[in-house]
Amino acid sequence: MQQFTDVIDQAYDTAIEAAILATEIILPFWSNPQNKRFNRKLALEVTEKAGGGGNYATIADFESEKKIIDVIRSKPMLRNHSILSEESEEIVADAEWRWVVDPIDGTPNFRSGNPDFGICIALFHGQEPVVGLIAMPGLKQIVVAKKGNLASLINYHGMELVNLKEKAESYSDPLNKALVGYDLGYEGRASQLNFISDKVITKVGYATCLASFSAGNFRLLQGMMGIYFGMSPTIMDIAPAAILIPSVGGVVTDMEGKPIDWKAKKRSYIGAVNPQIHQQFLELVNKKG
């Protein structure tokens with residue numbers, strides 16, 4: 001049991017360290033006008049990917065990914081873990097422990113100079129996420145949690161900024177007044193938009209696409225949104241939220257209200273910090289007719 005706890009503790013610290021170091025690589029490529037670290041001499045090379053329009057990676061994605069993997073594998077208790085990352089082949093090793101990493105979630109936002117992009121890192125023990133982190137490089141803020149502990153919102157110096165449990169408990173907007181966010185991914189966008197138009201648009205306060213699960217869940221955890229959902233997320237998109245949101249009393253399920261099946265080839269996602277609005281949204285999207 002002590003070794004299990006020690007692994008989680010080291011993984012928690014390592015996820016934070018990796019995100020901060022990856023941010024140092026990312027920021028010189030980020031063309032936001034307020035980013036003093038932006039280096040105009042750097043070429044933001046783009047590599048097209050399979051799986052729908054707008055699906056590509058930049059050199060910043062690849063370099064961020066390499067740094068995160070290097071940091072994980074530099075730690076004695078973690079170096080033999082499996083690692084599944086967005087931009088490379090899975091490192092298959094210890095079947096008991098598996099990291100999932102998205103080095104830049106929201107690459108189109110990042111490439112456009114938009115701050116709505118993040119770094120997603122999670123560690124699974126078997127089929128259970130036990131460490132989850134979302135870092136927002138443009139803000140230099142992190143939400144992070146480990147099994148048995150509340151999620152924390154901290155800056156890159158480790159200072160806690162907000163009590164997320166209090167934020168979650170104070171969220172009280174009903175669904176018809178709530179800001180609801182969604183992500184379309186890269187495949188089947190037309191059918192997803194039809195579903196959202198038919199089921200969601202006129203029944204919520206306002207629906208908006210952030211094009212980044214990390215940005216959506218980051219805002220959700222601070223009470224800035226009522227729901228964030230997606231019909232075809234990757235494991236990397238939502239694994240951190242699966243421990244972060246429940247840790248503050250929220251709910252994460254698929255769109256049928258079932259636990260997320262991490263072994264499935266495809267999955268859906270609904271996250272909410274308020275269980276009541278989660279239930280309202282479930283009833284809405286599953287209502288017949």
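Using N, Cα and C of the backbone, Cβ positions are placed for all residues, glycine too.
All annotation found in TrEMBL is predicted automatically rather than curated by experts.
Feature annotation from TrEMBL assigns Mg(2+) binding site to Glu86, Asp102, Ile104, Asp105, Asp237.
If you take the C-beta of Glu86 (Mg(2+) binding site) and look for same-chain residues 6 or more apart in sequence within under 8 angstroms, you find Ala57, Asp61, Glu65, Val101, Asp102, Pro103, Asp105, Thr234, Met236.
When the binding-site residues Asp102, Asp105, Asp237 are compared by the number of other CB atoms within 10 angstroms of each CB, Asp237 has the fewest. Secondary structure from DSSP puts Asp237 (Mg(2+) binding site) in a helix. All protein chains shown were included, and the count of other CB atoms within 10 Å of the CB of Ile104 (Mg(2+) binding site) stands at 29. Taking the centre of the Cβ atoms of Glu86, Asp102, Ile104, Asp105, Asp237 as the Mg(2+) site, the nearby residues of that chain (Cβ within 8 Å, site residues left out) are Val101, Pro103, Gly106, Thr107, Gly118, Ile119, Cys120, Phe213, Ser214, Thr234, Met236. In the three-state DSSP assignment, the secondary structure recorded for Asp105 (Mg(2+) binding site) is strand.
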